[in-house]
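Just below is one structure, and these are the notes that go with it.
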Amino acid sequence: MSTNLRKTHPLAKIINNSFIDLPSPSNISAWWNFGSLLGACLILQTITGIFLAMHYSPDISLAFSSVAHITRDVQYGWLIRNMHANGASLFFMCIYLHIGRGLYYGSYLYKETWNTGTTLLLLTMATAFVGYVLPWGQMSFWGATVITNLLSAVPYIGNTLVQWIWGGFSVDNATLTRFFAFHFLLPFTIMGLTMVHLLFLHETGSNNPTGLNSNADKIPFHPYFSYKDLLGLILMLALLLTLTLFSPNLLGDPDNFTPANPLSTPPHIKPEWYFLFAYAILRSIPNKLGGVLALMLSILVLFLMPILHTSKQRTTQFRPLTQILFWSLIANLLVLTWIGGQPVENPFITIGQMASILHFSILLILMPIAGMIENKMLT
């Protein structure tokens, strides 16, 4: 009897066990689609990025005009550039939905998968930040200046650290060159860590909406979830192309159409929409070091989620108290995102401070307490 090459060949066997014969819970909903969508985003961003790198010049005298050259003179350069810029926005939409799913359904109890995922988020944020500097527009330059300057809040070594990252006494040619190097390198690091993320996931298998063990009811990944993922991919690409072809600059900043000028500060310095919530938390604390710590903690708090889980049940599906807190957290993050894009004046300052306090209160205090109360209600 001839054996199936798919199951015996050393390389094909890995692919088979990961994407074809993988036993999957039969009841995972569309919320489980975002992992594969993130993989698709990563591939798309890498391909468009490599094509952009072929025509881009990482030099302060050429960067801005090389991006203009790409959009005007390169065959389909406008499409590649706009897909790359809007692909980043879609990437973060998928990341946030993926994390939200993990929080809601208690996926963070797979600690290794969760920790590699949170590290992937940090790497992706770093990649997006250095990438935003590359077109060398006003917001690129001042964004780089403001965010790298935050490191000067580090006691004793702060200023040295900032100058070391800048490669001089201000954001200059050395900074742009190294940011381009990092922007090219980091996605490959992300790919490697994505494989580790999947490796850890396949050690335990996927979680499911009930949070119960699903070993008794598994179905093969292909054809069921491969086609389901394909549908998700088609919908995501439709959204990306709609955004790219009809309103490519909707999510961008008009200031970035002005070449970088160290002598003129834009009226409102703000990052891309996907960083606004963290930027709002940073700005809500009057002390520089305090702001930086709050900014870092707002992301690093994700590492604490497995420790903060107090409930006997895994998912939020059957826990009304935690559900109210979860959706309050989402609403609060939307408020923070809105505040991050507003000028630093009242009432925005006060709203930002209240939303920042609420953000940490829900995650660190209220959710663990709600879990304990629900446990009491069960007994």
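Even glycines carry a Cβ here, placed using N, Cα and C.
What Swiss-Prot says about this one:
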TRANSMEM  34-54  transmembrane segment
TRANSMEM  78-99  transmembrane segment
BINDING   H84, H183  heme b b562 binding site
BINDING   H98, H197  heme b b566 binding site
TRANSMEM  114-134  transmembrane segment
TRANSMEM  179-199  transmembrane segment
BINDING   H202  ubiquinone binding site
TRANSMEM  227-247  transmembrane segment
TRANSMEM  289-309  transmembrane segment
TRANSMEM  321-341  transmembrane segment
TRANSMEM  348-368  transmembrane segment
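Feature map: annotations from Swiss-Prot on the structure.
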residue : record                   : CB count, 10 Å
H84     : heme b b562 binding site : 20
H98     : heme b b566 binding site : 20
H183    : heme b b562 binding site : 22
H197    : heme b b566 binding site : 21
H202    : ubiquinone binding site  : 14
Query raised in the report: Taking contact to mean three or more C-beta pairs under 8 angstroms, with sequence separation of 6 or more, is the transmembrane segment (227-247) in contact with the transmembrane segment (78-99)?
Result: yes
Report task. Quick one: find which recorded stretch in 78-99, 114-134, 179-199, 289-309, 348-368 has the most Cβ pairs under 8 Å with the transmembrane segment (34-54). Result -> 78-99
Requested in this report: Might you confirm whether the transmembrane segment (289-309) is in contact with the transmembrane segment (348-368), defined here as three or more C-beta pairs under 8 A between residues 6 or more apart in sequence?
Outcome: yes
**Report entry** Nearest of the binding-site residues (H84, H183, H202) to H98 (heme b b566 binding site), judged by Cα-Cα distance
**Finding:** H202
Report task. Would you kindly give the Cα-Cα distance separating H202 (ubiquinone binding site) and H183 (heme b b562 binding site), rounded to the nearest Å? Result -> 29
